[in-house]
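As written in TrEMBL, here are the features:
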type: DOMAIN; residues: 875-968; note: domain 'WSC'
type: DOMAIN; residues: 996-1088; note: domain 'WSC'
type: DOMAIN; residues: 1124-1216; note: domain 'WSC'
type: DOMAIN; residues: 1249-1341; note: domain 'WSC'
type: REGION; residues: 1341-1379; note: region 'Disordered'
type: COMPBIAS; residues: 1341-1364; note: compositional bias 'Low complexity'
type: DOMAIN; residues: 1380-1472; note: domain 'WSC'
type: DOMAIN; residues: 1610-1702; note: domain 'WSC'
Amino acid sequence: MPNHNMDPNVVNSANFGMIWRTKGMGHYNGFTEQFYAQPLIYTPPGDKQFVYAISQQNYAYRFDAVTGELLNYRQLMIPFLVADLNGCNDISDCIGSTATGVIDPNRNTWFFTTKTYVDQTRNDPQGLLAGRYWIHALDVITLEDKPGFPVPLQGITADNAPWRMFEGGKHHQRPALIQVGDWVYAGFASHCVQYNFTGWIIGWHAGTGELVTKFAMEGGQETNGIGGGIWMSGGGIASDNPGRLFFATGNGYASQLHDDPVPGRQPPTALEEAIVNMAIADNGSLTPVDFFMPWEKQDLDGMDKDLGSSGFILLEPDVFSTPKVSRIGCVTGKTGKLYFANLDDLGGYQMGPNRKDAVLQVTQLKNAVFASAGTYPFEGGYVYVTPVGNPTIAFKFGQTDAGDPVFTEVGRTTESAAGRQGVGHSTITTMNGQPGTGILWIVDVEGVTLRAYDTVPVNGILPTLALLNSDSQSKFSRPSFGNGKVYVTSSTGYISAFGSPVNIPLNCSSPVDVGTINLGNSSSTTITCVALTQVQVDSIDLDSTTNFGVKNLPTFPLVLALGGSFTFTATFLPKSVGPLSTNFNVRTTNIGAAKFSTNTPIVVRGKAVSQNPVLILQPNVLSFGEVVTGSFPPSLSFSIENGGLSPLQIKSMKWSFTSATGPFIAPNATNNVGPYSFSGLPNAFNGTVPPNGEKLVTVTFNPTSDGYWPLYLAITTNGGSTAVGFFGKSGGPPKALLEWQLSNGTWIEYTPNATFGFDGGAMRGQAQYRKLRLSNIGGTTLTTTISKPPVSGPLAAVNPLGSIAEGSQVPAGGYQEATLVCSPPKGQVNMDDEILTAVWTLNNNDVTFGKHVLQFSCTAKAPQLGALDENGKAYFRYIGCYRDSDPIRRMDTLLYSSPLNTNEMCIEGCDARTENFIFAASEYESECWCGKKLPPNKVADSQCKYLCSGDYNQYCGGDGTLMSLFYDRRLWKPSNATNPTSTTSAPTTGPTAIPNYQYMGCASEGTKGRALTDGFLYSVDMTPQTCQSYCTGLGLLLSGVEYSMECYCGNTLSNGATYGSPNCNMVCGGDGNQICGGPSALSVFKHTPGGPGNSTISITSSTTTTVSSSKVSSSATPTPTSTDFEYLGCAFEGVGGRALTGGFLFSETMTPEVCQIYCRSLLLTLAGVEYSKECYCGTSLSNGATLGSPNCNMPCGGDASRICGGPNALSLYRYAPAGGNSTKSATTAPPSTMLPSSTISSAAPTATDWTYRGCLYEGTGGRALTDGFLYSDTMTPQVCQSYCKGLGLKLSGVEYSKECYCGASLKNGATLGSPNCNMACGGDASQICGGPNALSHYEYTPPSSSLAQSTSSSPSLSVAPPSSAGGNPTISSSTTSSTDWSYLGCLHEGTGGRALTDGSLYSDAMTPKTCQDYCKGLGLKYSGVEYSKECYCGAALKNGATLGSPNCDMACGGDSNQICGGPNALSFYQYTPSGSNSTSASASVTSSAASLTTPASGTSSIMASSIVASSTGSSNSTPAMPTLLPYKYIGCAKEPSAGRALILTSMSSPALTPASCQTYCSDYNLPLSGMEYSTECMPCGGDNTMLCGGPGALSVYNWTSWKPEPQLNGWADLGCWKEGVGERALQGASTVISNMTMGTCVGFCEEAGWTVAGMEYGNECYCGKELVDSSVKMDDGDCRMLCGGGGGVCGGDSRLSVYRKKEQAT
């Protein structure tokens, strides 16, 4: 490379180093971007120089070559995923553009190829058959496609074998492209020699993109004709003139030639393990005309020893040629053999002596070679090759007396290559083509990754010029060069440039030639240096003074102005013959402002000759390494050279097996000494070598027995004496032994096709390790030729690139080990065992071993909890994460809500109940639900990631109604979920359309809403035909089935939905032989009228009662029971859509009342029931719907004696409360007069419903609104208002654009007047949704609102004033009879089960009325509220429940002024509607001395619910509360009924004092301490002057000087931070749990993959990668709210206690 201005003196200077490093933009699927294609350096006409790079993610880049600035880029296509390559992991993550491209300077066009998929809209594996390859041509400035490009390659057929078709998924384009005239060519192989593939050469016209050649390397029809891939470790295809191409191929299994010798000019159709010469026709097409194939080709295939593991290199013919051979090429392979071939006669197959190789030279190296050779065409000519794990070797070109070319080892580098495959291709540069300026560049994957050497050895060593590092270098790399700069890429997405950032201050006309002189003489020359800037010259020194010196130096320091000069004399006094050189270094100091180098190197060179003969031996050591005894003998060469100008006469040759100095032996013949034979050796007496001539001697090592064989030859001449040594070792063939270690340390031997298993498996969330051992029990080195370990996933190699690596060697008697890890991802308890598998493809040079695909397996196990069978397997099995309450609950029994909740606790609880519950579900960390019906909506397990409140190692559901669901396999099988009448036949692969319907494909759900928006139907008996009939009845063209049982209708796909989803894989609920969509995927059909008539589809549910027409007349009129709704009649469904479009509810227990209550909750006045179980709501009839349908004839799902519409017919009701403004109309009145839409309010709250109160500051000690929370990307005030109203809460507030908070009252000192409500709503940018620490605050104020003021007959709470003695507040309960519900008293729970068993509801906003409305909707007359937030319904009391409990003393969750039962006690009501003849008991219940707790200032939100102010009475007997700094007394706290208030640790002592308790808690770094004893907060046992609590009461202290742990579970404390301005400080995942701790938050963020965790408001946890820039560091004292779960401080009001993962902490 003569044109890159690479000066070895600059490279060798301290100024040469990395000058820029720029990262690409690729982040596809979160993968690290990798570069395997090497950068191209190009200067367009009239422009500056650029760097071009293309990545494995198919991103194309253009950089400024000088600065590294990224000028433009684009992603052309998505990459192909390695997950689709059956364990082949040569390249990790994804495959895009691997091969180095080429730039056409005449067209300013950049050519390369990309691998991708057929579907560009997906980011998941699409399968091997979906892989595609494209040819690209980009403009070098704009990076836009050139006309005619890109060109697809999928499905093309080979010109020479039309039965061969190109398949993009199977093939890989690895070698660099080449352009020859108008034609561009690319070579292809496969991935890991997998699949039924063939190598290809594909060519196209550079201007048009027209394909001109498609040649397959496997051109025959052999059944095993697989292989012949062209990959060459990324080396390039070569050409020496416009008429031919050269390349090398890899393994193939046709072995078409067998053992038949074939001349090179008769190439076979199977071009495997070959050097190939192809002729280029005028039209660009190719024809093979010559080939070479190693004589042991079949053995090479068996051991995966590719010939074509490196590129075929063409040597410069003006240097590397002889009178007999004008053009030479070379290639190395995995055997370690270096082949030199005649380009005009490659050699054919077995055409040499003894049917061996007919090539110019074969040299055996010590290990496999994957990197192409490099050549230096000056100073006699050199070739450089780098075997794996060895130094780079320099071979010097020469020729024999007969004119045959010969290459002799003359030097090595001091550094060795990595011990695995990956070292890059040798590359040589010069300083503008000047001899003596050559640089050899090597890129490597380990150690020093960028190395530079002088190209001419000195005393057998290639001098090192520079050792540089570029992290994470890609394997098989090759540096690229620009103007004095070298560029490399990395496997971590970087392009790096190395060069000298400064200029030379002096011009000394380097290099300086002092001429040729005789040995023993001297010469000198004057060197003049001119200053290029103002500079001070300090000194001059030499790299070596052996042959050179300096004199006549000026006085230093010497200051020179610009243009000033000085001179000195360089002397040449050679001590040896040949070309000699050194650097004269002029050391300087900068004076001016500009930065210049402090060293100006001057190359001084000369040549020494001798009039006398001079003996030179090159090399003086020949090492043959190891050979298998009796195998084909290797040969090496050395030369006897005469460096003088007189003939060299040999006087004697002596041989020794011991040393170069003897004792010597007298061999029988000098051409055979021991195991060595010699060819070309001169006569031992009077043999001569002409002046400046040489005698080449070839040495063959052919031992007949095992052993180590040293031999020394001492030569005495008239030009000196010296010796050459020969060394070799022989032994038996290598023998591989593969073993696997069990958990007890025992090793088991591998047998073919066996599986290595992790005995005992591995628990989910944990890891098990096992070892694989490869031993060599043979006699010579075992070399691994193929090693493709599993690199990622739950079962993988720990160090895949460093363990039993490709190219690594095991000496005889040695071994290598690799560790594999089985680390199943954390999952749920009671999951079924999962078998994890992985493969490792392995081969070596043991000819008996062969290629093996090692199989590994590991059983991923989950803890088995609850009742177990005889095999230790739990009866309750995990079935998945389900969303319930949509809007009704299938899991309808809340067993408990407990801070000690675990899945085991929940499963055992449901199992112990007498109701024979089929399902148990954990939800929202602390809740346990039981039920008998499977929720319909299964979601990804990743959505159920809330940690159980009682065991953070388990998951207990998720947000809202996401539950971790378990089923009892003794009562139910999963097949019941979709196919109650399952058969043994498998479902069809695709949905089946009925006549007049066309299947359109599998569509993804919309990204912003449903794909089909105009109709919905749910049925456990769903089929495509059912859905089609339903949608057609609505007049809609498209029908789509989803999740087995759901049907959606529309005329077009909406909200970004597209066809092509792979997830239509769920069987239909009504027919197990058909497909009904899948998760977020619809099987879509289009109605095509005009075809054959549709058949009638009838559906009979196996789960509901069939009512014949004889029992229910079609004209039956439902009898409404509600006094609030009037029955209007039977309405037709709309003709172009639903009659009622405002709301929908499906319930197996549907009645008109259930529907009416649901519609009223939406503020809609019309309710219609249809198809027995469906409810629709609205304000007016739409889409042409009218009354008068005769089809209201189907019984209600919840009451077979009632009518709930029918097919396309609704039993229609209107809300008309007694005394209201509505006037009941006759059912015969026209719909238009009955239902004027203008008089009906919309579903969204209006100004008359919600009043804007202003912008509210958040609370100072906690949230302003604490009773409900909702997060939505589409938040609006109306969304929040509807949510809060649904909770029965009258106050709503929107904050931070997307957050909604609800409450019954403002708390924690919140006040109006904030100026910060300035953030647009997430769902409507035209509205304001609060701001940072500020809420847009609304109050629900409809006329006579039940939320605005309480008119309920529920027990009311009143707080009595404290007694004079300082007693606690008391609550008096009183009841008054209402017209609808009567309070009957406080009810004991049942003794053998619940008192009320027919319905249950849990709500943080529970009130008696909430419960009453729910029970009334179920048609049940009894309701009871318990434990503050639980509601139970029934038709009768059960399980021995009786009135008279004294424990109804707990305030309601939704209204602290009302009583909602207590522990095992229900506030009990009976439904007694106005006008009812039934009478109910009226009871007055007074709760005695029930304590009401009030928050104490400054404490955490969790403690605020239980701490009351201490008594301050005047009694002298009351102990005082001393000040115990640094502790502050908070108050006397009531223990909660469900568990301890302080839960982390405890102690007891008869001598207890506050100080001893505080010391104990501080030892655990816990800020709260509490003492409990006797009957109230009484005197301490250890000090009667102090209070130490009582039973159910704690004297609580806060450690005011408490500081957070500096490190927590590997996370470092970053202190207290203020929230960002207008944004969250941490913008990742978040969670809110009542018992939050610092450890819980840190664990949650770490589990989710975040590196920063922050706690706020006592019970909130936020995660992120970094704090946003607008967040501010505060004093630690600003974070003073105690964690809800104890153990520390969890932030404060808009303040976060922040921790960062330790390795990330700064």
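Each position is counted from 1, following the chain as shown.
Even glycines carry a Cβ here, placed using N, Cα and C.
Unlike curated records, TrEMBL annotations are generated automatically.
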Assess whether the domain 'WSC' (875-968) lies in contact with the domain 'WSC' (1124-1216), where contact requires at least three Cβ pairs under 8 Å among residues 6 or more apart in sequence.
yes
DSSP residue counts for the domain 'WSC' (1124-1216), split into helix, strand and coil:
10 helix, 38 strand, 45 coil
Count the Cβ pairs between the domain 'WSC' (1610-1702) and the domain 'WSC' (1249-1341) that lie under 8 angstroms and are 6 or more residues apart in sequence, then report whether there are at least 3.
yes
Restricting to the domain 'WSC' (875-968), report the mean pLDDT as a whole number.
87
If I count Cβ-Cβ pairs under 8 A between the domain 'WSC' (1124-1216) and each of 996-1088, 1249-1341, 1380-1472, which range comes out on top?
996-1088
With helix taken as DSSP H, G or I, strand as E or B and everything else coil, how many residues of the domain 'WSC' (1249-1341) land in each class?
10 helix, 33 strand, 50 coil
Treating G and I as helix alongside H, and B as strand alongside E, what does DSSP give for the domain 'WSC' (1380-1472) in helix, strand and coil?
10 helix, 34 strand, 49 coil
Mind checking how the domain 'WSC' (875-968) divides into helix, strand and coil residues in DSSP?
13 helix, 40 strand, 41 coil
